[in-house]
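Participant: Once you've had a glance at the structure underneath, I'll fire off some questions.
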Amino acid sequence: MSITAQSVYRDTGNFFRNQFMTILLVSLLCAFITVVLGHVFSPSDAQLAQLNDGVPVSGSSGLFDLVQNMSPEQQQILLQASAASTFSGLIGNAILAGGVILIIQLVSAGQRVSALRAIGASAPILPKLFILIFLTTLLVQIGIMLVVVPGIIMAILLALAPVMLVQDKMGIFASMRSSMRLTWANMRLVAPAVLSWLLAKTLLLLFASSFAALTPEIGAVLANTLSNLISAVLLIYLFRLYMLIRQ
């Protein structure tokens, strides 16, 4: 059977509209978890204020020089802040991926579904999803740091891995290998969706500061919720595409 991107886009749009409230609640809950965890594990405001003390920002030619000019205590605070942001983001993304994929599975099986039920049903696979998303993010970030393009290619090639891990109960590395092979064979169907997702995320990041006009916490939750909705659309598309490819 010939698969067209247009038909998959149409199926994705229909599913997203029909399950919008459930997906919105999952996205909002994941955003709230991300913000709360980030706040809990981040340095205090007083510690963050120390990052500006005695650091010659104008004379630094890059991030590496800026970090080198920091005191050991400031470097530790920066490391803690970065780790808190990364960890909370990975947790939120893992719960989002598990919840959205379980919504699709439960709805496809004709069962009633709620946001809490979907997240609860995804609990057994969350540790594996967390590790998978961590490894994927690491590879993509390394690729982007090198020449940008390798990172984008890795993001495309590994896009189907979460779906395979949950749907086919594959191992972490098996799902990554299978995703690379299957995506490479169907690049014309996967690449445009992933590139659109990356573009939407980038645009959201550019306008993220405007959300802080409310309060930093509410702005962070709103920005993360929108980001999660964008990711949810991509997950629905990839799940539908994967099921069609397997037929």
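Backbone N, Cα and C define each Cβ position, glycine as well.
I grabbed these lines from Swiss-Prot:
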TRANSMEM  20-40  transmembrane segment
TRANSMEM  87-107  transmembrane segment
TRANSMEM  118-140  transmembrane segment
TRANSMEM  152-172  transmembrane segment
TRANSMEM  187-209  transmembrane segment
TRANSMEM  225-245  transmembrane segment
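Situate these features within the shown structure.
Facilitator: For the transmembrane segment (20-40), the residues of the chain that approach it from at least six positions outside its boundaries are 84-85, 87-89, 91-93, 95-96, 99-100, 103, 113-115, 118-119, 217, 220-225, 227-229, 232, judged by C-beta separation under 8 angstroms.
Beyond its flanks by at least six residues, the transmembrane segment (87-107) meets 15, 19, 22-23, 26-27, 29-31, 33-38, 41, 113, 115, 117-119, 121-123, 125-126, 129-130, 133-134, 137, 162-163, 166-167, 224, 228, 231-232, 235-236, 239 of its own chain at Cβ-Cβ distances under 8 Å.
Within the chain, the transmembrane segment (187-209) has long-range Cβ neighbours (under 8 A, six or more residues past its boundaries) at 3, 5, 8, 152, 155-156, 159-160, 219, 223, 226-227, 230-231, 233-234, 237-238, 241.
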Participant: Taking residues 6+ outside the transmembrane segment (225-245), which of them lie with a CB under 8 Å of any CB in it?
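Facilitator: 1, 3, 8-9, 11-12, 15-16, 23-24, 26-28, 30-31, 92-93, 96-97, 100-101, 104, 159-160, 162-164, 167, 182, 186, 189-190, 193-194, 197, 200-201, 204.
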